[in-house]
Amino acid sequence: MSTEKDYVVADIGLADFGRKEITIAETEMPGLMSCRTEFGQAKPLKGARITGSLHMTIQTAVLIETLVALGAEVRWASCNIFSTQDHAAAAIAAAGVPVFAIKGESLEDYWVYTDKIFQWADGGLSNMILDDGGDATMYILLGARAEAGEDVLSHPHSEEEEILFAQIKKRLAASPGWFTKQRDAIKGVTEETTTGVNRLYQLSQKGLLPFPAINVNDSVTKSKFDNKYGCKESLVDGIRRGTDVMMAGKVAVVCGYGDVGKGSAASLSGAGARVKVTEADPICALQAAMDGYEVVLLEDVVSSADIFITTTGNKDVIRIDHMRQMKDMAIVGNIGHFDNEIEVAALRNLKWTNVKPQVDLIEFPKGNRIILLSEGRLLNLGNATGHPSFVMSASFTNQTLAQIELFTKPDQYSNQVYILPKHLDEKVARLHLDKLGVKLTQLSEEQAAYIGVSPKGPFKSDHYRY
């Protein structure tokens, strides 16, 4: 482990390897490269001090270097203990960006690193957060509430909360008043994923959101592409790398049929699996049925299916009672943000055999075993390398534009959750068309007037559902 200077990575010697893969990724990320061309000279993020908490992958490296090219100072950690690509982290550290991320880091280290991305060398404060899942945002807000005298650190509900609270208490003791100062210095947060967005909306509804936020997840060019087409490619990749199991003919159960569930079902179906879906939402259930999937109760298929994947963003979707009933060597994994979709904590007193990194064999008293991928965390990033560069370019271009919006136009945003305007969503899509050889039909003035739009767009109303 390298700890010199202002970074923590597994092996700085991997930097050259990481740089080669970053160079390849740049050719697959036209949106981000276009941002460098368009905004590089003006440097709209000059003066921005961005704390980034997002999977430290090769694709994220391209995002980080785009933010730097636009004038920002950046400090970065991964938002998941298993999702870091160590060569990507090394390349970014070698380029001079403080990064704190190691694949397989402990939960204790995870929260130490989350603290470090707010600790600038000159003692200054971050003024922007780029978040994925909301952990960086919640770290600051919880600490500020504790400083205000609220009893928010006394009753942890999980091992992770216990570790988080301990880290907050450590910072409270070392730097009294720091959390409140840091909270008040934030101009805005841009949030990448469904789970983090839900956290922000809950804060906003309670009047507890202390700065503006942009919900990047619900940009069409994020949720309908990253969540769907990204999962369509990366889910099966993770299962294959983790297990080498043939999926053709297997029965796979996808829990949830939102955008991530849709992509996951398509991924497994494309690999030849016979896919069944569980859903609580009647609209999503109807979509699944009309897409040709049998919509079932988990309890009715738990003893017969071969593969189980959670995609919901909810907790306790697959519980210990379900896993006890699974057939021998059933594969269990999650592609939602947090590890509590599967009741992993309830498995800890059973016999675990580690097969290889992020693949564990868990044996029940009756003798049946399950294969658990990435300890219930994101298997596409834990067991593989996540979504392909091209689809992440769309997501990260949204992130870049959102950071520019909040940093350069603070007077236009109050302490609410916003979505990027439609013209920027369409811009992100346009930036990715040439790479695929797409040619757009041009509406005439008469055609545009007939449907009530500008010939140059936006082409859909804000409430249109793609």
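Cβ from N, Cα, C; glycine included.
The candidate list Asp115, Asp132, Asp135 contains one residue that Swiss-Prot assigns to the substrate site with Thr57, Glu192, Lys222, Asp226, namely Asp132. Of all the binding-site residues listed here (Gly256, Gly258), it is Gly258 whose C-beta has the fewest other C-beta atoms within 10 angstroms. When Cα-Cα distances from Thr195 (NAD(+) binding site) are compared across the binding-site residues Thr57, Asp132, Lys222, Asp226, the shortest belongs to Asp132. Here the binding-site residues are Asp132, Asp226, Glu279; the one with the fewest Cβ atoms within 10 Å of its Cβ is Glu279. For Val260 (NAD(+) binding site), applying a Cβ distance below 8 Å and a minimum sequence separation of six or more within one chain yields Thr194, Asn227, Lys228, Cys231, Thr311, Ile335, Gly336. Neighbour density for Thr195 (NAD(+) binding site): within 10 A of its CB lie 19 other CB atoms from the protein chains shown.
Gly256 (NAD(+) binding site) and Thr57 (substrate binding site) have their C-alpha atoms 26 Å apart, to the nearest angstrom.
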